[in-house]
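Record features (Swiss-Prot):
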{"type": "SIGNAL", "residues": "1-15", "note": "signal peptide"}
{"type": "DOMAIN", "residues": "22-115", "note": "domain 'B30.2/SPRY'"}
C-alpha cells in the first residue's frame, strides 16, 4: 500500500494556511484527506482534513507509531496499490515543500531522507 506524503521543509513565518488539496477535472484525480494521526507535532490538520498549517509551537499530541516526529511530514489517505493518481497542492509562503508517495514502512521516528 502506498500513500501521498507531504513534508514542510522550512518554517512558515506568519502562521496561516500552508497546504490545501483540491480535486481536479483531470481523469486521474484522487480525493485525499490528511491523516492527523501521522502529522508531525508542528503540523495542524483542519477539521475537514484538506488543509495543513505549520505552527511555531509543537502541539501536545500522542507519540503514536504512525506519527512523524523528526521531519515535518504527514500522510494523506486513502492509500493505493496501483494505477494513476493526480493531486493539486496549493501553498502559501512556504519556501520548501515536498510532495510524493511513501510506503507504509516509511521511517517516521528518524530524519526522513527525501529522494
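First residue shown is number 1, and so on along the chain.
Using the three backbone atoms N, Cα and C, a Cβ is placed for every residue, glycine included.
Taken together, the residues of the domain 'B30.2/SPRY' (22-115) have an average pLDDT of 83. Counting residues per DSSP class in helix, strand and coil order gives 3 helix, 31 strand, 60 coil for the domain 'B30.2/SPRY' (22-115).
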